[in-house]
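Here is what Swiss-Prot records for this protein:
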SIGNAL    1-18  signal peptide
REGION    67-266  region '10 X approximate tandem repeats'
REPEAT    89-110  repeat '2'
REPEAT    111-121  repeat '3'
REPEAT    166-187  repeat '6'
REPEAT    210-231  repeat '8'
Amino acid sequence: MKAALLTLAVLFLTGSQARHFWQQDEPQSPWDRVKDLATVYVDAVKDSGRDYVAQFEASALGKQLNLKLLDNWDSLSSTVTKLREQIGPVTQEFWDNLEKETEVLRQEMSKDLEEVKQKVQPYLDDFQKKWQEEVELYRQKVAPLGSELREGARQKLQELQEKLSPLAEELRDRARTHVDALRAQLAPYSDDLRERLAARLEALKEGGGASLAEYHARASEQLSALGEKARPALEDLRQGLLPVLESFKVSLLAAIDEATKKLNAQ
């Protein structure tokens with residue numbers, strides 16, 4: 001989880017120009033990437049939810065209750081889609097403003113990250129080379145044992161496992177040694193990057209350009225504006241949900257009443 005969060009943080013701070021792996025489009029903005037991820041997630045939830053509703057309505061209990069959940073679900077999905085279309089331009093404007101306000105900080109951090117990357121790359125290459133050598137050495141040691149197993153009888157399996165165990169432990173110990181060495185080599189650069197980030201933030205705090213207080217004030221203003229502009233769309237969503245909820249309530253009460261009558265008649 002920490003690695004995923006760090007990757008996302010670096011991605012947004014550096015304004016990475018990654019492309020879709022299935023397309024050769026122009027580089028996406030951070031907002032476009034966030035919007036695409038959110039759209040895929042919402043659509044997946046909506047589709048899976050509709051499948052569950054359809055399965056319930058097709059069941060014996062669903063047919064007996066006849067709640068018409070699928071119709072209500074489609075109405076709700078349509079309302080949510082409309083809300084997303086209305087809020088889209090508003091959130092786009094908010095993200096554009098935020099991206100503009102942090103442009104200088106992102107550029108400076110991008111330079112710092114690239115410089116640190118160039119410094120640590122030799123250590124990473126050396127680690128990869130040593131790891132490949134260790135794996136190849138392990139493969140060479142294990143190969144004869146595999147031949148013994150193919151040529152020998154089933155009872156030699158236990159003997160083979162006993163021979164493989166120390167080799168696997170040796171590979172693990174040697175790998176741990178290389179990892180510890182790499183961690184020690186990279187530690188100064190990690191500290192350097194952390195100090196640089198702290199220095200950038202301190203410079204902002206002391207007034208080198210826009211101060212952190214100004215950033216906070218601007219972000220608060222933009223969030224307030226976002227709330228004001230999104231309020232009509234949210235009200236439309238509420239109004240759109242009312243008939244859906246009312247229809248569901250009527251269907252549910254009718255189903256309960258029908259079930260009560262059947263129980264009383266027995």
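Placed from the backbone N, Cα and C atoms, the Cβ positions cover glycine too.
DSSP places the residues of the repeat '3' (111-121) in helix, strand and coil in these numbers: 11 helix, 0 strand, 0 coil. Restricting the average to the repeat '6' (166-187) gives a pLDDT of 79.
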